[in-house]
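Input: a single structure, listed below in structure tokens.
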Amino acid sequence: MAASGAGQQTGVTGPLSLALPTDAERQATEALVDELKRQNNYESATETSKRSAVLNSLQQITEEFVRHVGKAQGLSDNIVKSLGGKIVTFGSYKLGVIGPGSDIDTLVVCPSNITIEDFFSTFPEILQKMAPPGSIAELTLKPDAFAPIITLKYNGVDLDLLFGRIAIHNQIKKDLVMTTPDLLRGLTDQEVRQLNGVRVAEEMLSLVPEQGVFRAALRAIKLWSSRRGIAGNIYGFPGGVVWAILVARVCQFYPKAVASTIVVKFFQIMKIWQWPMPVMLKPIDYATRIGNLKVWNPKIYPGDRNHIMPIITPAYPSMCATHNVMRSTKEVIYKEVERGGNIAEQIIAGKAQWKDLFTKHTFFTADYKYYLSVITASTSEEAQLPWSGYIESRVRHLVKLLEDHPSIALAHPFNKGFARVHRCHNEAEVEKAKGGSLEHQAKDIATATTGHGLAAVVASSKSDLGNIEQKANSDSTITMVYTTTHYIGLELFPGVKSLDLELLVQRFRNEQCYIWDKYDQQANAITIIHTRNSDLPDDLFEDGEVKPSRKAKKKPTNGAAKKRSATEDSNQAPAKRQQTSVVTAG
């Protein structure tokens, strides 16, 4: 499907080339799509059909929800029948790049008389009533989140439901055009944020020359960024919408190209892009004025001038989607772009295969000698999930502090956390687990990863974890400790022999952690320790990966006692003196 006819310009500039694809480029694209399928990047027709059925059901549930609230408000039958309501998707599903098992980002669009309080109080009730028995699972309401959301599984399909109110409409018709800026009138900043995911996705699709080419290339870039560990806005890396904007911009530069060419050109262009020159899919709309909505403008706003890698959303009000990118994460992105570009060129030359582009990162196996481990801990899952999720959103602030340290060349946050469960029998063991010791880790409970701002449940299901807690509660000698660890790789400047981060770590705790409005000193713990690569936990490594080992040191010849390095105690329970990160280079 073409977004623009022949001769029409998409983007803020004209195309760089209108060359038609060669036979070799078409063959390279076929090989790319085949590899994506081998990587399980496409879902089956059955799963696609199931998603469609779920969305159709949600549309009916939404309409009934709106009618139910209207009746409760005392509106007449005629008005209630005309209220409408609409389900709109965004994210990877809307862009056509969703993979097996991925969730569907969904906006429940309602008329002006419906409030977000109605959404959280009434929608779940209507959902449970209208859905087939047993089809709803893991229903979770998060009204206090930055983006208030309801998450659930419906017939096995994961859904993230956001609420969107249109203040200027008393009726919501199914053909409502979501990109119209006027829809934002009369809304709060939070309500605007709720609508913008849909509006950005729809605007983006209208700005790419060939949607099929865009989707295939975007699948490749998203898989590459995921495998290389450089996806996740909360950690200072590009999120899904950013990778989509970048691929869309390359498609605008080469409107006749096939997907393999777009992937190659993506790396070539991103490698030489002159940051902080912004990436934009269309000129920024400064003429529209709605309320106090702020439009990205570095000429006016000092904060916007600080964005080092600005990538701008196409829907009004245009915003920088990469405001979290930092010096270190930008450098990591550049290194990965350079690596990806070299491999892509070798693929086109017949010297490599597409699978080589998608090999897993080496963050733990080879990239760094020293790491900081940021460990959150609680003695209940109920306390740990919000606490670890909050600290996850703060890790990038620790990275900023580390970047400013005169001895640190690079601070690289890994884009996932690792959630573990520990089974302890006394207070000493509890304190060990909170401090990073794995001595009492429950080996029968698999380590789980967290990411994208959501802390994961650490057992195979919530019911499993509930059973585990129930068993622990029945045995008064057992205390379950739940920890989530985030790792930051450290690259020191040449010649640095030691690094004392005690004051920096304490500043991070005081300014970013303890200020959480729900912080409870009794329930929430945070420990930050240094970890040498050879002391990293075994569960960070997959089968076939080689864990770094410490090089044997020569025995002293003069009989002098060997001084123990601070890094040699990391397998032991961290004493209070160790909970201030000290790295010794050696």
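Glycine is no exception: its Cβ is also placed from the backbone N, Cα and C atoms.
Summarising the annotation, TrEMBL assigns domain 'Poly(A) polymerase nucleotidyltransferase' to 11-208. Annotated ATP binding site per TrEMBL: Phe90, Gly91, Ser92, Asp103, Ile104, Asp105, Asp160, Lys222, Gly240, Val241, in sequence order. If you look up TrEMBL, you'll see Asp103, Asp105, Asp160 marked as Mg(2+) 2 binding site. Taken from TrEMBL, the feature Mg(2+) 1 binding site applies to Asp103, Asp105. The domain 'Poly(A) polymerase central' annotation in TrEMBL covers 213-360. What TrEMBL lists as domain 'Poly(A) polymerase RNA-binding' is 362-549. Residues annotated as region 'Disordered' in TrEMBL: 537-586. As annotated by TrEMBL, compositional bias 'Basic residues' applies to 549-564. What TrEMBL records for 568-586 is compositional bias 'Polar residues'.
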Phe90, Asp103, Asp160 as binding-site residues, winner by CB count within 10 A: Phe90
Rounded inter-Cα distance in Å - Gly240 (ATP binding site), Asp105 (Mg(2+) 2 binding site): 12
Cα separation, Asp105 (Mg(2+) 2 binding site) to Ser92 (ATP binding site) (Å, whole number): 8
Cβ neighbours of Ile104 (ATP binding site) where a neighbour is any other Cβ within 10 Å: 22
Local confidence of the domain 'Poly(A) polymerase RNA-binding' (362-549) - pLDDT mean: 89
Number of other Cβ atoms within 10 Å of the Cβ of Ser92 (ATP binding site) across all protein chains: 22
